[in-house]
Amino acid sequence: MTHVGFMPFIKWAGGKTQLLDVIRERLPASFDSYYEPFIGGGAVFLKTCPQRAYINDINPQLINVYKQIKNEVESLITYINFLDNRECNLEFYLEQRDLYNKKIINEIYDVESAGLLIWLNKHCFNGLYRVNKKGLFNVPYNKKIIGSSIVPDNVRAISEYLNKNKVIISCSDFEEFCDIISTNNAFVYLDSPYVPMSETASFTDYSKSGFLYEDHKRLADLFKRLDQKGVRLMLSNNDVKLVRELYEEYIIESIDVKRNINSRGDKRWGKEVIIRNYE
């Protein structure tokens, strides 16, 4: 395992950039295999740079971005540069959003789809990824002048890392993904959509099916099963009663955090928990 690390190429709700040092300090001293069922923006994964990793997300468009960075990085950079060189206004933004949604409807996972997601992420309100019940991206334009949507050298370095190491990229439900986890010195980082602080404080519209109480219960049951198999586990979530009840038998630490995605500045600070089954 190396620790050079890369910058996340996309902003994602619940991103862990600001907590990297806190999380890194609590990682196991060593492990042979790294698993992340909810990869999102991949801040922890990209900073840790494990030599053997299995990453997953339920969002097929997001997973397509990782695959295109691995397999078609130069074509991806070229396409994003093409979009960045166009004059961006509301009309152009809506055109690209419509094009991206056509990709979603037709289940097209190509360089253009990946480039559109990255570009929209930089030009949409608050870097938010949200879809409606039909699974279509519906975040409005941020009305800001943006420079480059990516750092080409960073994305190239990520591509090189993905190709030089054993990194398996998949798109499935988290329980299905975790079926592949062996107990041979494995470490799993679980950063699921969070339990809301209140009914309106958070959103989980990363996929059209959302992430409900039943899913959090499934996740807690999975945590216990993997713990019983001897797998080392770390989980992040909001510091709320439900989370503490679901994981009461494990090590729970409360951490102060500043929210990256929230439209009300007076509510940007909050508390999260880091939960582990190891010292």
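Placed from the backbone N, Cα and C atoms, the Cβ positions cover glycine too.
Features as listed in TrEMBL:
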type	residues	note
BINDING	W12, K16, D57, D191	S-adenosyl-L-methionine binding site
Count of other CB atoms lying within 10 Å of the CB belonging to K16 (S-adenosyl-L-methionine binding site): 23
Cβ neighbours within the same chain of W12 (S-adenosyl-L-methionine binding site) - under 8 Å, at least six residues apart: G40, G41, L62, G127, Y129
Most distant Cα pair in Å, residues W12, K16, D57, D191 binding S-adenosyl-L-methionine: 16
Spatial neighbours of D57 (S-adenosyl-L-methionine binding site) that are distant in sequence (at least 6 apart) but have CB under 8 A: P37, F38, I39, G40, I63, C171
Under 8 Å by Cβ from D191 (S-adenosyl-L-methionine binding site), counting only residues of that chain that are 6 or more apart: G14, K16, E36, F38, G40, V44, L235, S236
Any further residue of that chain within 8 Å (Cβ to the Cβ centroid of W12, K16, D57, D191) of the recorded S-adenosyl-L-methionine site: G14, G15, E36, F38, I39, G40, G41, G42, A43, V44
